[in-house]
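Note sheet for the following structure.
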Amino acid sequence: MSKYILALDQGTTSSRAILFTREGDIKQIAQKEFTQIYPQPGWVEHNANEIFDTQSWVMTECLQRAGVNASEVAAIGITNQRETTVVWDRKSGAPVHNAIVWQDRRTASICDEMKKRGLAETIREKTGLVIDAYFSGTKVKWILDNVPGARAKAERGELCFGTIDTWVIWNLTKGKEHVTDESNASRTMLFNIHTGDWDEELLKILDVPRSMLPRVAGSSEVVAETHPEFLGKAVPVSGIAGDQQAATFGNACLTEGMAKNTYGTGCFMLLNTGKQAHISKNNLLTTTGWNTPSGRYYCLEGSVFIAGAVVQWLRDGLGIIQSAPEVEQLALSVPDNGGVVLVPAFAGLGAPHWDQYARGTMVGVTRGTTKAHIARAALESIALQTLDIMDCMQKDAGINLAALRADGGATRNNLLMQFQADVLGVPVERPKVTETTALGAAYLAGLAVGFWKSEDEITAMWQLDRRFEPNMSAEVREKLVYNWKRAVERSKEWAED
């Protein structure tokens, strides 16, 4: 009898495979980093073949380390960095260009052009998104317009487009399945979140041939089987969700009004709004959460581009820490930020500002400023960006959050979690299993094959590790927030020229 579900978690900096038991516990993990390519300032690429090679390697490695064979795996769930765009040759399977990553800003001018054409309202109404270089649609257009011969091949039906889930499944099935799910499709700027299908008007606006697009499946259904070559036997692929939607599901935020924040490379807060798509009046995104047999669920989302990446910058860019976990002790060595505010707008500002020309800014620096103050200001910036989003979410949905569930690598940082509760003024709940992105993909896959019986069973499995209660005076909080808002204004529209 099958005892496990295997989650493939294809992230921005590494590919991972995580094996889960029926209790939702982790049996084994394998992880492999891959190359980040920065051809020009503001451009970020990945080698699509390296993405699949690392994903395939960790999949096999995870099972080997666990001493588990493929016949014990009931199904595979896939979750992935969203928006990152691959275009490949339908016949040979070869990418025509490196994958263009979600952080990449090269299509900012295409976005400006679309805004000038007065398309913002159409895009928001149909897709729930704002016009921004973040989403896949303009990246596909850029590849078709800039890779010699690509547009002609696309018109002839010879090219495929996919987000990373689609690319991984295409390769796992040796080109047999070209498929995505609604959560990923809803991040392309080509998909109508109300009809649940690709939108002809949007395809026309971005000049993308429909023949390139994958079919759109549910998030929890058997969509493919792996080619036996990979694991020695075919294993069903029965769960797909973009990383943030998967994390929402994995954190058991399955009912309307529940919210989670994932602290990874970026920071992503999602609020489950049930079966109703709320189009935001506060510059948040409306996105499909998941489409399962129980229905299509929507979320409000606020995206922060730089969260954990600010700690990587302290390590790799400034060299003030040797490893990411050191940041907590360094920040704790001072009682406060010493007046320093850091706005990590390295790739522009995400929600609710959506300023692609904002740049990183550090203010309040004096001769007395030390690396500890900068480290503390960096951690605080993660929590303060989250506060900006929560304020907007509460306005849009007309609710006051009772608590925020937190997941992702940076939740291990107790100082950050406590500071987050302090500035939000609501408790922050950290679950026992913080790998909720992979867990969400596992849940979606397991539900589709009867490994778990119901969403109620999943809700009951969620376990609390620690609850951080707000513990900051209103006066201190107000001063921090006031200085933060001033610093954000100074970071805006810097790169206009």
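Note: Cβ is positioned from N, Cα and C throughout, glycine not excepted.
When G218, G308, G360, G364 are compared with the ADP site residues T12, R16, T265, G409, N413 in Swiss-Prot, the one appearing in that site is G308. In the record from Swiss-Prot, residues R82, E83, D243, Q244 bind glycerol; the candidate from Y38, Y134, Y297 listed for the same site is Y134. Annotated ATP site T12, T13, S14, T265, G308, Q312, G409; additional same-chain residues within 8 Å of its Cβ mean position, judged by their own Cβ, are G11, G264, A309. Among the binding-site residues R82, Y134, T265, the ones whose Cα sits within 10 Å of the Cα of T13 (ATP binding site) are T265, in sequence order.
Secondary structure from DSSP puts G308 (ADP binding site) in a helix. Taking the C-alpha atom of T265 (ADP binding site) as reference, the shortest distance to any of the binding-site residues S14, D243, Q312 belongs to Q312. In this structure, the CA atom of S14 (ATP binding site) is 14 Å away from the CA atom of R82 (sn-glycerol 3-phosphate binding site).
Counted over all residue pairs in T12, R16, T265, G308, G409, N413, the record's binders of ADP, the longest Cα to Cα distance measures 21 angstrom.
Of all the binding-site residues listed (T12, S14, Q244, T265, N413), Q244 sits in the most crowded Cβ setting, with the most other Cβ atoms within 10 Å.
Neighbour counts were taken as the number of other C-beta atoms within 10 angstroms of each residue's C-beta; across the binding-site residues R16, R82, the minimum falls on R16.
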